[in-house]
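Input: a single structure, listed below in structure tokens.
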Amino acid sequence: MLNINKLQKNTLQKTNNLYNNAILFCLVFRMSNNTQCNQCCDFTFDVDDTAQHYAKIISNAGEDLNRAGLIDTPMRASKAFAFLTQGYHQDLTQITNGAIFPTDNNELILVKNIEFYSMCEHHLLPFYGVAHVAYLPDDKVIGLSKMARIVDMYARRLQIQENLTKQVAQAVMDMTQAKGCAVVMDAVHMCMMMRGVNKQQSSTRSISMLGEFKDNKDARNEFLMAIPKP
């Protein structure tokens with residue numbers, strides 16, 4: 001079961017992990033003056049230009065860019081942003097990499113508790129949680145890890161949770177030609193917790209049902225009974 005309270009207590013740690021992972025990503029893929037997306041070789045993220053904008057933002061906040069702790073911050077933030085938005089430069093064919101296989105099992109397939117992190121398109125603040133993704137095969141299945149990769153691809157864009165949920169469901173449906181796909185996402189939103197209404201205990205569940213899950217109550221209930229309660 002998703003423990004929202006635990007997620008909230010670890011908010012700062014989770015957010016720091018995002019940026020630490022981003023920096024690790026930068027090192028692994030030798031990000032220097034420009035960042036080339038490993039999934040889409042015809043796109044180059046201009047980290048220098050983006051870093052200049054981050055420097056302006058920090059300066060506008062009244063900070064001293066020459067302070068020891070901030071000297072490299074604009075570039076670090078730029079590289080982190082490149083990582084957090086790399087989903088724009090990926091596509092389903094690349095991330096699934098042909099992992100679609102024939103099957104004679106047409107029963108429910110469900111991957112639960114897929115962790116995801118995304119950024120609110122309204123305030124550029126994180127929201128994060130877990131996704132539960134299920135489909136009813138029609139003679140084809142997709143590699144289980146690819147379902148997590150699909151979630152990541154759409155999460156690493158500027159998003160709202162409602163659209164993210166629908167995009168994941170439609171992507172799995174399109175790639176598998178399944179009889180139906182269902183996605184539930186449970187998340188907490190920093191834009192509601194850190195600012196605005198400041199609701200520290202709030203959480204959001206979004207649902208997308210396609211095909212059999214939308215039309216067949218029994219299929220829908222089987223899925224909903226199989227996933228953790230919010």
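Cβ atoms are placed via backbone N, Cα and C, with glycine included.
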Site co-member for Zn(2+) according to TrEMBL, given Cys120, His123, out of Cys181, Cys191: Cys191
In three-state DSSP terms, the structure that Cys191 (Zn(2+) binding site) belongs to: helix
Tertiary neighbours of His123 (Zn(2+) binding site) (same chain, Cβ under 8 Å, six or more apart): Cys191, Arg195
CB contacts for Cys191 (Zn(2+) binding site) [other CB atoms within 10 A, all chains]: 17
Cβ-centroid neighbourhood (8 Å) of the Zn(2+) site, Cys120, His123, Cys191 excluded: Met119, Glu121, His122, Leu124, Leu125, Phe127, His189, Met190, Met192, Arg195
